[in-house]
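These notes are about the structure you will find just below.
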Amino acid sequence: MDILKKSLFFILFLGLVSLSISEEEKRENEDEEDQEDDEQSEEKRGLWSKIKTAGKEAAKAAAKAAGKAALNAVSEAIGEQ
């Protein structure tokens, strides 16, 4: 009977160790997935930042060109008078 108890405790111990190891691996996998998601989010933020900057520069250039065109039109109108 004593051998049976020891065997049973040993089997339960091995099962507990196995369960603990699998839980640890599961947490590591989740951490890796979270890290990959964070890296992808950073890439997206960087991309949106570049797009935003390019849009601002394009808007400034368009406004500058429109201002020059308006100034030229006014100068021509004044020059004709």
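Using N, Cα and C of the backbone, Cβ positions are placed for all residues, glycine too.
Features of the protein shown, as given by Swiss-Prot:
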- 30-41: compositional bias 'Acidic residues' (COMPBIAS)
- Ile78: isoleucine amide (MOD_RES)
- 22-49: region 'Disordered' (REGION)
- 1-22: signal peptide (SIGNAL)
> Which chain-mates of Ile78 (isoleucine amide) that are at least 6 residues away have a CB under 8 A from its CB, listed by sequence?
Replying inline: none
> Can you check what DSSP calls Ile78 (isoleucine amide), collapsed to helix, strand or coil?
Replying inline: helix
